[in-house]
């Protein structure tokens with residue numbers, strides 16, 4: 001009897017052979033059904049009609065335990081979390097990474113129908129944030145979070161959420177500046193236009209006067225407000241003895257303004273105010289184009305966004321919840337199932353089975369005995385354990401590693417260096433030409449000397465040059481983002497171009513974090529035995545059991561009696577009158593000898609008869625071979641892994657050089673390895689995924705984090721790569737080179753325009769009309785060329 | 001020709017109104033989220049709670065009837 005497999009109404013996942021049926025609708029699990037029922041009772045089934053199967057499935061281990069949110073009742077945490085609270089009405093913002101469709105927006109904005117205590121809620125989709133106004137008498141913060149969790153929109157609340165970064169005002173200021181510059185530019189252009197027409201000399205003098213002074217007034221806010229950043233940064237870099245691109249810009253702007261004002265006062269004309277305002281307007285547009293950010297992604301996470309907000313402290317008087325920053329060495333804490341170990345500690349009581357997958361990328365939990373030392377960052381799987389804190393959170397091994405590099409990396413100069421190198425020569429050349437022209441005219445026609453000098457500075461103002469980088473790199477970032485490679489900022493592209501070495505982490509980076517291949521070694525298993533095994537492992541939440549359960553192909557399941565899960569040993573139970581033991585070698589065979597087996601094994605016995613063991617092999621990401629082959633022709637490849645050497649022989653053919661494969665590396669080793677590579681003069685790209693790579697990621701020129709779900713926690717890095725796009729890695733890196741060559745070609749175009757402009761200027765012939773045509777034209781050409789060729793190349797090369 | 005001066009003044013005033021409106025909109029946060037409003041506007045009217053109560057009662061009646069029959 002084979003039933004057609006149905007898709008869950010809630011989350012769209014395959015329901016398997018035995019769906020849960022409620023109201024004649026199939027569900028894949030109890031969780032999905034509960035949410036549906038809740039929405040159905042509240043007449044909110046419209047949720048399911050906006051997008052197809054919009055719901056979020058929570059795995060068993062993701063469902064928050066009963067007092068997970070008890071800490072939200074602490075006044076100290078509550079006040080830090082709330083945006084605003086007055087007279088019982090409070091406002092709070094949550095980051096909910098699972099927001100993904102229109103249905104989510106609809107449901108979250110109709111929270112008030114689910115609970116009367118919610119007054120209003122609104123979603124910011126790009127930021128994946130919901131802000132909720134609610135009455136505290138009817139619904140306290142804890143209940144609100146539990147309400148969100150009950151519909152499977154679990155908000156992310158971490159230490160970092162508490163330290164809310166002040167809302168970034170810079171994007172608003174930039175928009176206002178663009179608005180003002182645009183306003184002044186368009187109006188000034190209108191006033192200047194009559195002067196460019198034939199016969200303008202017959203215009204009444206009054207008009208010229210009014211138009212001129214109006215443009216003068218319009219240019220004031222542009223120069224002093226909109227362009228202020230350019231003056232500031234030119235001044236700052238000059239003090240550091242760097243000639244940045246902002247210096248010739250600032251010089252050009254000042255000369256433009258002075259020259260125009262001079263002409264206005266002496267009644268020679270009305271100057272170049274239109275060019276001045278236009279220039280600033282274009283420059284600001286370039287800045288805005290480059291500043292796209294992925295609002296829901298964070299590249300600057302530190303350990304605080306990973307650690308919990310509060311912990312349960314055990315005292316003589318009983319359990320109390322305390323905020324994490326009050327945790328001291330010597331405290332006894334309780335860590336429940338699925339909770340994180342916040343500080344280095346020793347195990348006091350209970351069976352610890354700790355999942356360090358966030359730290360090392362390895363998904364198989366590590367067993368610990370009473371008295372053992374446990375590092376912070378792991379997640380307890382199984383029953384609750386008691387720990388004695390040895391070091392404060394800030395002093396823990398991982399956090400220390402993290403903090404250390406933060407200080408190191410902050411002082412590196414981030415600004416694009418190619419443009420600064422060019423601008424050094426550029427500025428020197430321009431000033432020489434300007435002085436040369438002035439000298440020449442000083443001897444021949446001294447009335448033209450000053451004018452020729454200023455003209456050169458004006459026309460050479462490197463607007464087009466300054467726009468090249470923002471538009472080329474901005475377009476490149478957009479192309480990358482569309483294909484699942486998210487950069488922190490545009491400077492990363494230039495760094496990508498410079499790298500010579502690529503260093504890979506193994507577990508979770510070139511292998512899949514979750515799925516692995518399994519082989520059975522031992523007796524040939526019968527169909528019946530497979531079915532027995534599958535029935536038993538189905539009941540366990542241990543990652544290895546899950547892998548076995550999903551990989552084994554056996555139809556149907558038996559009922560299991562006397563199921564028992566023994567932490568860090570194995571599982572046992574009676575299935576169809578046979579007694580099964582599945583677990584570690586010691587648990588199943590009783591063999592105490594500590595064999596130096598490198599690979600993970602799960603032993604199986606049925607009715608005391610040992611059948612053999614499952615061996616877990618790493619399964620490599622799709623396209624690994626091709627990617628490595630492609631990259632190895634241009635880059636030196638290294639591998640640093642925290643794991644043992646079991647995979648060495650598989651990886652050697654890929655990486656070729658024995659010395660480049662490094663196993664058993666601690667996080668500090670990784671950091672030092674990168675450090676050494678870079679000191680030997682080869683800038684490195686590090687690709688990793690876990691906290692143990694955090695140091696190395698920070699140290700490397702470009703740190704790339706690979707993530708299955710990009711909105712989940714990732715260590716601080718320069719770029720995030722979606723895991724399924726791993727096979728395109730070499731294309732992205734190669735494309736960074738294409739971007740750089742586009743930048744060079746654009747530089748050439750803008751130099752050509754400059755040559756034309758300067759040839760007018762040195763002759764003392766630069767009229768406002770030439771400036772008004774040449775300056776915007778050069779900018780537009782460069783912008784169009786840069787954006788167009790990036791998009792064209794991306795279509796060809798990035799598929 | 002002096003009417004041109006008047007027109008210029010009017011022109012710049014009108015333009016200023018738009019500039020001020022733009023600055024107000026930016027400050028007000030209208031440019032922070034350029035996606036959600038486009039979705040929000042397509043939703044049907046919000047569900048009013050009274051209606052819900054009515055319909056659920058009706059549903060109950062239906063159910064009772066169906067059980068009897």
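Glycine is treated like the rest: Cβ placed from N, Cα and C.
Predicted automatically and left uncurated, TrEMBL annotations should be read as such.
Residues in the domain 'HMA' (A:90-156) partition by DSSP class (helix H, G, I; strand E, B; coil) as 22 helix, 21 strand, 24 coil. Per TrEMBL, the feature domain 'HMA' maps to A:90-156.
The transmembrane segment annotation in TrEMBL covers A:174-193 (among others).
Annotation comment: TrEMBL describes A:213-235 (among others) as transmembrane segment.
Marked as transmembrane segment by TrEMBL: A:242-258 (among others).
According to TrEMBL, the transmembrane segment annotation covers A:270-289 (among others). Same-chain residues lying 6+ beyond the ends of the transmembrane segment (A:270-289) with a Cβ under 8 Å from its Cβ atoms: 174-175, 177-178, 181-182, 184-185, 188-189, 191-192, 195, 208, 211-212, 215-216, 218-219, 222-223, 226-227, 230, 249, 252-253, 256-257, 259-264, 458, 461, 463, 466-467, 470-471, 474, 768, 771-772, 775-776, 779, 783.
For A:425-443 (among others), the entry in TrEMBL reads transmembrane segment.
Per TrEMBL, transmembrane segment is recorded for A:449-473 (among others). Same-chain neighbours of the transmembrane segment (A:449-473): 245, 248-249, 251-253, 255-256, 258-259, 272, 275, 279, 282-283, 286-287, 289-290, 416, 418-419, 422-423, 426, 430, 433-435, 437-442, 490-491, 493-494, 739, 742-743, 746-747, 749-751, 753-754, 757-758, 760-764, 766, 770-771, 774-775, 778-779, 781-783, 786-787, 790, counting only residues six or more beyond its ends whose CB sits under 8 Å from a CB of the stretch.
Away from its own ends, the transmembrane segment (A:742-763) comes close to residues 418, 422, 433, 436-437, 440, 452, 455-456, 458-460, 462, 464-465, 468-469, 472-473, 770-771, 774-775, 777-778, 781-782, 785-786, 789-790, 793 of its chain (Cβ-Cβ under 8 Å, at least six residues beyond either end). Under the heading transmembrane segment, TrEMBL lists A:742-763 (among others).
According to TrEMBL, the feature transmembrane segment maps to A:769-792 (among others).
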### Task
Please indicate, using numbers and ranges, the residues of the same chain that are 6 or more beyond the transmembrane segment (A:213-235) and have a C-beta under 8 Å from a C-beta there.
177-178, 180-181, 183-185, 187-188, 191-192, 244, 246-247, 249-251, 253, 257, 260-261, 264, 270-271, 273-274, 276-277, 280-281, 283-284
### Query
How does the model score the domain 'HMA' (A:90-156) in terms of mean pLDDT?
88
### Query
Which residues, given as numbers and ranges, are at least 6 beyond the ends of the transmembrane segment (A:242-258) yet have a Cβ under 8 Å from it?
219, 223, 227, 230-231, 233-235, 272, 275-276, 279-280, 283, 415, 419-420, 422-424, 426-428, 430, 454, 457-458, 460-463, 465-466
